[in-house]
């Protein structure tokens, strides 16, 4: 398993998922006393840092191209540059992770949200994103730099238990469980994910769990396993507008199949919060984005995130356009008008961006008490 900065979903640049933990997490009882103490004492909200975007005063002065011309590679605009998180709290967290022999994609992928998504405070919660089932995917989407293979290594049967134990001891408020695609398995790994959720809830009933799942090849029974596992948020990313699906995603994935995943999760578990994400800057137009958002809302999707596509390596799809912060604000307004309960839209937003923040946490609570 691997720990990912909140989401870091699949569009992080320059790398995507990164590697899983260098070694599996051992049961707490077998850890040395020093590591036991580290697990029991932190990190907590006060250990987390918050980061800001680069100086906004330079945005209006930027004269570079935002749309790619043939043969051109776009320069990174100032609003996609962030300050390097520093200070004693950041260093304390980093040292804690090192002492526990845990490695985060937050660092490996140089995630732009490492400060903000790890941020606590009055209106945010400490959020971590765990990647299950290894670091090798059976699919090859053109935006994603995770390594691929037809037959990845077998699953670690102890991973659900070990993951749940480590997270429960760590004291997080909100955890996102995601995974690679495992088309080599009969159920796509659904049982593995469901077990992890169940173990987590057994150890900490108050923790909020979001699952960012594969499409399980459209297998409804696999979707049901995860939807009925006790999770709070069921997330599955459509990634882009329908017109660009074949260009962007693996041939085994498509918009209609992803929409069926989200619909079926709500059908079998009406109280679950459903969530999806769209990358912008791949060549889509405004009409296509609006139609996609409308279709998602008509499918009763509750939460939507929109973020800037960032090219992971030169082998992957080029960025066709850098979307301005003002345009992202516009799409957030559109999302609210369409009736999404939560719309996060911004250049650095990723699919699990600030997943446990105040609003979404309270949305889960309201849904549980039937107020919404």
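Each Cβ is built from the backbone N, Cα and C atoms, and glycine gets one as well.
Annotated features, as they stand in Swiss-Prot:
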BINDING   106, 111, 117, 352  [4Fe-4S] cluster 1 binding site
BINDING   137, 141, 144  [4Fe-4S] cluster 2 binding site
DOMAIN    122-341  domain 'Radical SAM core'
TRANSIT   1-27  transit peptide
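According to DSSP, residue 141 ([4Fe-4S] cluster 2 binding site) is assigned to coil rather than to any helix or strand. Residue environment of residue 137 ([4Fe-4S] cluster 2 binding site) contains 24 other Cβ atoms, counted within 10 Å of its Cβ in all protein chains.
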